[in-house]
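The region 'Type E motif' feature in Swiss-Prot is assigned to 695-770. Sequence annotations record features per position, and here Swiss-Prot assigns region 'Type E(+) motif' to 771-801. Residues annotated as region 'Type DYW motif' in Swiss-Prot: 803-894. What Swiss-Prot lists as repeat 'PPR 1' is 80-110. Per Swiss-Prot, the feature repeat 'PPR 3' maps to 145-179. Among the features that Swiss-Prot reports, repeat 'PPR 4' is placed at 180-214. The repeat 'PPR 5' annotation in Swiss-Prot covers 215-245. Residues or ranges marked as repeat 'PPR 6' by Swiss-Prot: 246-280. Annotated repeat 'PPR 7' per Swiss-Prot: 281-315, in sequence order. Feature annotation from Swiss-Prot assigns repeat 'PPR 8' to 316-350. Positions annotated as repeat 'PPR 10' by Swiss-Prot: 386-416. For 417-451, the entry in Swiss-Prot reads repeat 'PPR 11'. What Swiss-Prot records for 452-486 is repeat 'PPR 12'. For 523-557, the entry in Swiss-Prot reads repeat 'PPR 14'. The repeat 'PPR 17' annotation in Swiss-Prot covers 624-659.
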Amino acid sequence: MEKLFVPSFPKTFLNYQTPAKVENSPELHPKSRKKNLSFTKKKEPNIIPDEQFDYLCRNGSLLEAEKALDSLFQQGSKVKRSTYLKLLESCIDSGSIHLGRILHARFGLFTEPDVFVETKLLSMYAKCGCIADARKVFDSMRERNLFTWSAMIGAYSRENRWREVAKLFRLMMKDGVLPDDFLFPKILQGCANCGDVEAGKVIHSVVIKLGMSSCLRVSNSILAVYAKCGELDFATKFFRRMRERDVIAWNSVLLAYCQNGKHEEAVELVKEMEKEGISPGLVTWNILIGGYNQLGKCDAAMDLMQKMETFGITADVFTWTAMISGLIHNGMRYQALDMFRKMFLAGVVPNAVTIMSAVSACSCLKVINQGSEVHSIAVKMGFIDDVLVGNSLVDMYSKCGKLEDARKVFDSVKNKDVYTWNSMITGYCQAGYCGKAYELFTRMQDANLRPNIITWNTMISGYIKNGDEGEAMDLFQRMEKDGKVQRNTATWNLIIAGYIQNGKKDEALELFRKMQFSRFMPNSVTILSLLPACANLLGAKMVREIHGCVLRRNLDAIHAVKNALTDTYAKSGDIEYSRTIFLGMETKDIITWNSLIGGYVLHGSYGPALALFNQMKTQGITPNRGTLSSIILAHGLMGNVDEGKKVFYSIANDYHIIPALEHCSAMVYLYGRANRLEEALQFIQEMNIQSETPIWESFLTGCRIHGDIDMAIHAAENLFSLEPENTATESIVSQIYALGAKLGRSLEGNKPRRDNLLKKPLGQSWIEVRNLIHTFTTGDQSKLCTDVLYPLVEKMSRLDNRSDQYNGELWIEEEGREETCGIHSEKFAMAFGLISSSGASKTTIRILKNLRMCRDCHDTAKYVSKRYGCDILLEDTRCLHHFKNGDCSCKDYW
């Protein structure tokens, strides 16, 4: 073959070292020097015979060879070109990069270095694993031929650096060097593995121009590019036009069909393949098995694996590994471990990927015993030094909570990569050991390994889970400046979710706004993290802001986002807009129906809730736990005890669901609201739910509203025994005991221990006006309250004298009376809402309170809604009150 190369401008390949100056030699100056004519031939440098170096290299005496080279250099002697090449070959065989570097530094030991010798030097560096040095030699070469380019491309191929292979091809074309039929497949392999289909198309055109289309090896490589890059149409057309097709070509096009989910067509191709006289080989079967697993059809893949035996083809390690990884990918992890066991029984030796897959299954299942067994197998079979196996073991032990074992494996991994460090850091973060995680995070950088985006995100997530959002924010701010790693959408989502998790909603919303001005826009995860934080009356405006972002980003096409919006609008007080979103949804699942049904129940609208329930059943949607608890509450609002009881008993009988605490609590509410307290108490005893605080709180509400002091005392005694340290509970119990004593009831239970020192919880209310949240406290003495709000509060309040029993109701409140503790916070909030919205034709005042609203404030809110013609939405710890025209949605039961 003709040598193809393009000369380039001369470059200094290396700085030659001049021989040492001979001592005591006279200094000769040009001017005084006389010409000395001599007709004798100049003496050539000493040439060391090849036999000496051959002997040293054959016996592995590379140290002696190195000394001999140094001696030659000092003497100014030379070695033959063939000797130098043999020395380089010895370095390759022995992997002696040290001697190789010495040979490079002594490049002047032979007189005429050429492109072949330089290419050999390049190969030496590449095969010894020093690809950066190989590239330096390549870039410094005075001329490069086809063999030079082949050596460099081969070096990158061995390192799986496929993008560099594609880049070198482009440089090669610029230099005017054309690949041959041996180099084309290597370059095409690089294009296929890095997904560079455009480079593959360029090579395809070059191949046609060079007339190499008939070369089967090259054609198969072109087909592989189209197949692996997902270009099914190109692959099919090229395959059909191939003059000659061997089993490799058929396998490539089969792979293309399987990767594109066309498995039935792939099976038909196999039949066509057999008609052409080509028998499907092991690789063909493996492709089909892998394809079915990828599609989630593991049973079909298993059938194929059994069927191949009837064709006389025995499954190899790749078949078993494809089956094991396919089962894991499709969530069938126990079956995958069983397949791993069967593989051993079949006498097939696993490879590193098989071990890694088995460890992954153990990790997901958190079966530490089986994981330890796989670890032992990895040690016995020599896979423990494989970095991928080591990484999977670290991950498995970390997820199983065995951090000491994980650390032992981590420390034993010799060539740790970023994933090794990430696995151990993740383990520490998940266990709450952020200090140890940060120590590794620092050590990783000291080891000249830069943390990637996963490392930073893991550290941020760890601090957030530990409740230390300050450290999380510090890392969030440092990562781009110090770590040179750009934040991604997941980073923003983590920090936003962290602030929400730790109760810092305002900071989370501010970050959300900043995120929209960054390179990475919010996604569905961002929205789903934020919306629950807005699911209260103060979040109404923020919900609309988030909804605007959803529309701008076209996230409303995501079903989960629409469900969340339906739920959040209802909880933030806008049930009508919640219904609008619901009606606009083409597909409605059980979560969609539950969101609006629950919203109607929250707003006290039992009629629409029951109508939706019937409509849902008509459309064939089966109710779940959440649906049924909402419907029992709806019947409670309606006062229809018998229908509520039917729904409760249908939970187990019709829907085969075990009734949960939420259903029992709803039933107690149902009985209590209907003043059927004896039945409620009997239900509590029958269901054996006496140890649940929410049950007695619901029961006590019925006792309080209907004025049954004896039942109230019974409920109070149970509440106090369950939560003796709860201040709110103790306050209520104290009031009931005091009222019972006043009414002459004998008290057998233990009284609260802090009767004299008891302080009731401080009432607080919040209201949003002009995008600012204002806080008011009971007995507030701020300038705003004393100068502006007190007169209005006095004006709008009905100051009736109240007794311990008001219309038959027991006067038992979480908050102290206004005569002793001052005006309650919600009255200040209502007054501030009225002042701030004066002049508005239709006003809705939204207030959030931390305690149960007392009867006096409840009556005041009804009066204000009628007197001033405004709607008041007030959410306390019991329910959402909607005051309108002098009425409340709770029907005075809360």
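Note that Cβ sites are derived from N, Cα and C of the backbone, with glycine treated the same way.
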Against which stretches of its own chain does the repeat 'PPR 11' (417-451) lie, if we need a Cβ under 8 Å and a gap of at least six residues from its ends?
387, 390-391, 394-395, 397-399, 401, 403, 406-407, 410, 458-459, 461-463, 465-466, 468, 471, 483-485
Limited to the repeat 'PPR 8' (316-350), I'd like the whole-number average of pLDDT.
93
May I have the DSSP-based helix, strand and coil counts for the residues of the repeat 'PPR 12' (452-486)?
26 helix, 0 strand, 9 coil
At a C-beta cut-off of under 8 Å, are there same-chain residues at least 6 beyond the repeat 'PPR 10' (386-416) that contact it? List them, or none.
352-353, 355-356, 359-360, 362-364, 366-368, 371, 375, 378, 423-424, 426-428, 430-431, 433, 447, 449
Secondary structure content of the repeat 'PPR 7' (281-315), with strand meaning DSSP E or B:
26 helix, 0 strand, 9 coil
